[in-house]
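Asker: So Swiss-Prot lists these for the protein:
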ACT_SITE  SER14  active site, proton acceptor
BINDING   SER14, GLY42, THR293  Mg(2+) binding site
BINDING   SER14, THR15, GLY16, LYS17, GLY18, GLY42, HIS43, THR44, GLN207, ASN324, ASN327  ATP binding site
BINDING   SER14, ASN40, SER125, THR126, ARG140, THR222  dGMP binding site
BINDING   THR293, VAL294, ARG299  L-aspartate binding site
Amino acid sequence: MKKATVICDMQFGSTGKGLIAGFLAERDQPDVVVTAWSANAGHTYINREGRKWVHCMLANGIVSPKLKAVLIGGGSQMSIPTLISEIMGSLDILQGKSILIHENACIIQQRHVEEEAGPMTKIGSTKKGCGAAMMEKIRRNPESKIVAKDFIDDGLEIPDFKLDGTVGFKDISRHFEELGVCIKVVSNEVYLAVLHKAERVQVEGAQGFSLGLHNGFYPYVTSRECTPAQICSDCNVPISMVDKVVGTMRTYPIRVANRFDDEGKMVGWSGPCYSDQTELTWEQMGVTPEKTTVTKLTRRIFSFSRMQTRQAMLVCMPDEIFLNFANYCASEDELASIIEVISNEGGDVSYIGWGDSAAHIETTLEGDWSDDTNPLFNQYNKSSNIA
């Protein structure tokens, strides 16, 4: 049965996946939302009332009015302290809901963070331990505790979690049961049963197409692919279940910050751009510099690329495009020219983002759910940023 929407980033990340995910979840009302994120990037959603969610572990689709379950796929690299913090921040909307972690989801531990803090990191990594944890999982050492099912009884490193004795998922489950939220590590069989019984599913990807291990500028890439096919694989979502792919883009793509030591020497370059792109400065743009959600470092910013658009379209083949940061364009003609490039490469710009909240999303879909009055260019031009 076709019932799943997949959200994927068509550039270098930070295109507003969290924003469109929250918007679509409130509109489409999925009962199951799915991710297989790593704890190295934040996804932000601000609703129409101004409430803000910044998530690295929980899908932004938790705002769905019909939510029943949040699935965290086996392809995830999880930070359990981060997960706990995010649940605590949304206890009101998670009452009576289930957070189900696939038994083979990877658990980041302090040794992984320490490993990435060393000389292996020369490519502008967020240094959250995600790549190191993934490598340990791939090594498949039977004596290694690395996936969720290894920590049912104990072994979790959660310094701020107030429990007596050793901490395992059973302890966490009991703690949150008293708070009205079900959180469990589940078998593949149970995970699949919940997925297939869902009426509507929303699947949220991370990072971006041009950061993909195979499609990106190797070695200046992330540790896996960022395509709809990879997102579905990491979440155990059958391709045949997908009836819509929503690709996210921005008018001026970004890359994460370069890394510098205490003396100002560059020790980590985040990588190149496409040959038809130019790296710009925030001063040239005339907007407040953006900082990454997790590391709080200033992002690099580039001009729009037809080459990037073409390659992402050919691999991701989205049904709809969310074009974000329209407020960064200097004129309506500039915005129109970017939309024309996307259209000429086969993309359908169905949503336009003018600011940092759901109230700033304009939809071009006839009869779609939107504000009574759409945002105006002059009102939002260069007025706000999205994390």
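Each residue's number is its place along the chain shown, starting with 1.
The backbone N, Cα and C atoms fix where each Cβ goes, and this holds for glycine too.
Walk me through where these features lie, including what they touch and how far apart they are.
Answerer: DSSP assigns SER14 (active site, proton acceptor) to coil in the three-state reduction, placing it in neither a helix nor a strand.
Taking the Cβ of GLY42 (Mg(2+) binding site) as centre and 10 Å as the limit, one finds 20 other Cβ atoms among all the protein chains shown.
Just so you know, the Cβ of ARG140 (dGMP binding site) picks up 8 other Cβ atoms within 10 Å once every protein chain is counted.
For ARG299 (L-aspartate binding site), the Cβ neighbour count at a 10 Å cut-off comes to 20, with all displayed protein chains included.
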Asker: CA-CA, which of the binding-site residues GLY16, GLY42, HIS43, GLN207, ARG299 lies nearest THR222 (dGMP binding site)?
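Answerer: Sorting the binding-site residues by distance from THR222 (dGMP binding site), the top entry is GLN207.
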Asker: How many Å separate the Cα atoms of ARG299 (L-aspartate binding site) and SER14 (active site, proton acceptor)?
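Answerer: It is 10 Å, counting Cα to Cα.
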Asker: In the structure shown, with every protein chain counted, which of the recorded positions SER14, THR222 has the densest set of Cβ atoms within 10 angstroms of its Cβ?
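Answerer: It comes out as SER14.
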Asker: Could you state the whole-number distance in Å separating the C-alpha atoms of SER14 (active site, proton acceptor) and GLN207 (ATP binding site)?
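Answerer: Roughly 7 Å, rounded to the nearest whole number.
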Asker: Within 10 Å of the Cβ of HIS43 (ATP binding site), how many other Cβ atoms are there?
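Answerer: Other Cβ atoms found within 10 Å: 27.
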Asker: Looking only at DSSP and grouping its letters into three states, which state does ASN327 (ATP binding site) belong to?
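Answerer: It is helical.
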